[in-house]
Amino acid sequence: GGGQAGPTSGRDHGDLSRHRSSSLEIKEKEIREKGSEILREQLDAAKRELKLKDKECERLSQVRNQLEQELEELTASLFEEAHKMVHEANVKQAAAEKQLKEAQGKIDVLQAEVTALKTLVLTSTPSSPNRQLHPQLQPSGTRGAYKHVGGHVRNKSASGGFPPSPGKPEPSSVSIQPAAKEDREMDSVLYAEFLMWKENPSVEHSSAFLSRIYREDIGPCLSFTRSELVQSAVENNSLTIEPVAMSALPMVKASAIECGGPKKCALSGISRLCQHRIKLGDKGSYYYISPSSRTRITAVCNFFTYIRYIQQGLVRHDAEQMFWEVMRLRREMTVAKLGFYLTDQG
């Protein structure tokens with residue numbers, strides 16, 4: 001019996017081994033399938049996450065490109081604006097420097113003029129008139145010098161007396177004698193108007209004093225074709241009178257011929273040799289004027305210059321002396337508007 005049991009036991013043991021081996025294979029197969037499934041799930045999840053990352057990267061790239069473009073545009077705009085501001089600042093600085101130089105030059109000129117004129121005014125009295133302020137008291141050979149005062153360029157001969165033409169009898173109605181020898185009597189109405197004006201001096205003609213002078217002297221003296229322009233320039237202290245060189249007369253520009261010419265007065269329209277011309281304010285046109293028109297304008301300029309001195313407190317005389325100086329200037333306007341004027345001797 002013992003000899004038969006050996007082979008049977010060996011077969012059972014082999015079957016068991018095979019059974020175990022197949023079970024292990026099945027388990028291994030299941031494990032591999034489960035691992036593969038897990039790996040596939042993880043791979044799919046990684047792919048999905050990667051797609052999301054790609055989309056996020058693409059969005060961020062678009063945002064970055066947009067920001068770069070906006071930054072470039074902003075930088076270009078800022079540079080352009082800065083360049084424009086620098087250019088405008090340079091232009092303004094150049095204009096300001098030019099205006100400063102011009103203003104400084106004008107200030108220097110005006111200071112010198114005020115100093116000189118103040119000296120002249122303070123040294124002139126009716127009893128002892130300054131001969132530079134009263135050229136009718138100078139010898140005939142010394143008249144005709146030019147001076148520039150308060151914005152008006154004028155000939156001093158226009159502010160003096162008016163002697164008769166050579167060879168003609170002297171009209172008694174316009175005979176002007178030296179101020180130190182003539183008799184005079186004060187008009188109480190005119191003096192009262194002057195005193196009232198002197199309390200608050202002004203070039204406005206709202207006061208009775210200046211209103212009368214405008215009506216009786218300034219208006220008739222400046223009654224030209226362009227009287228409004230001339231009167232406005234005189235009042236604003238912006239009228240300039242300058243001599244015209246005789247050699248330059250044939251070379252007159254067309255714009256100047258429209259305002260008269262070397263042989264025709266632009267203000268009166270009368271054909272006369274015009275050795276002077278005027279400029280009204282900042283306008284570029286010049287107006288050629290005859291000797292009579294020049295005398296009338298300078299007489300009014302002399303009057304305005306003196307009352308401005310009074311307004312600025314440069315005249316240190318008493319009220320009566322100021323009044324008689326104003327009357328003398330009114331007499332000059334009266335004589336000038338009648339057509340009398342001085343000519344340079346020699």
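Glycine residues also receive a Cβ, built from the backbone N, Cα and C atoms like all the rest.
Listed in TrEMBL:
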{"type": "REGION", "residues": "1-29", "note": "region 'Disordered'"}
{"type": "DOMAIN", "residues": "18-119", "note": "domain 'GDP/GTP exchange factor Sec2 N-terminal'"}
{"type": "COILED", "residues": "36-120", "note": "coiled coil"}
{"type": "REGION", "residues": "125-181", "note": "region 'Disordered'"}
{"type": "COMPBIAS", "residues": "125-141", "note": "compositional bias 'Polar residues'"}
{"type": "COMPBIAS", "residues": "145-155", "note": "compositional bias 'Basic residues'"}
Q.
Treating G and I as helix alongside H, and B as strand alongside E, what does DSSP give for the domain 'GDP/GTP exchange factor Sec2 N-terminal' (18-119) in helix, strand and coil?
A. 102 helix, 0 strand, 0 coil
Q. What mean pLDDT does the predicted model reach across the domain 'GDP/GTP exchange factor Sec2 N-terminal' (18-119)?
A. 89
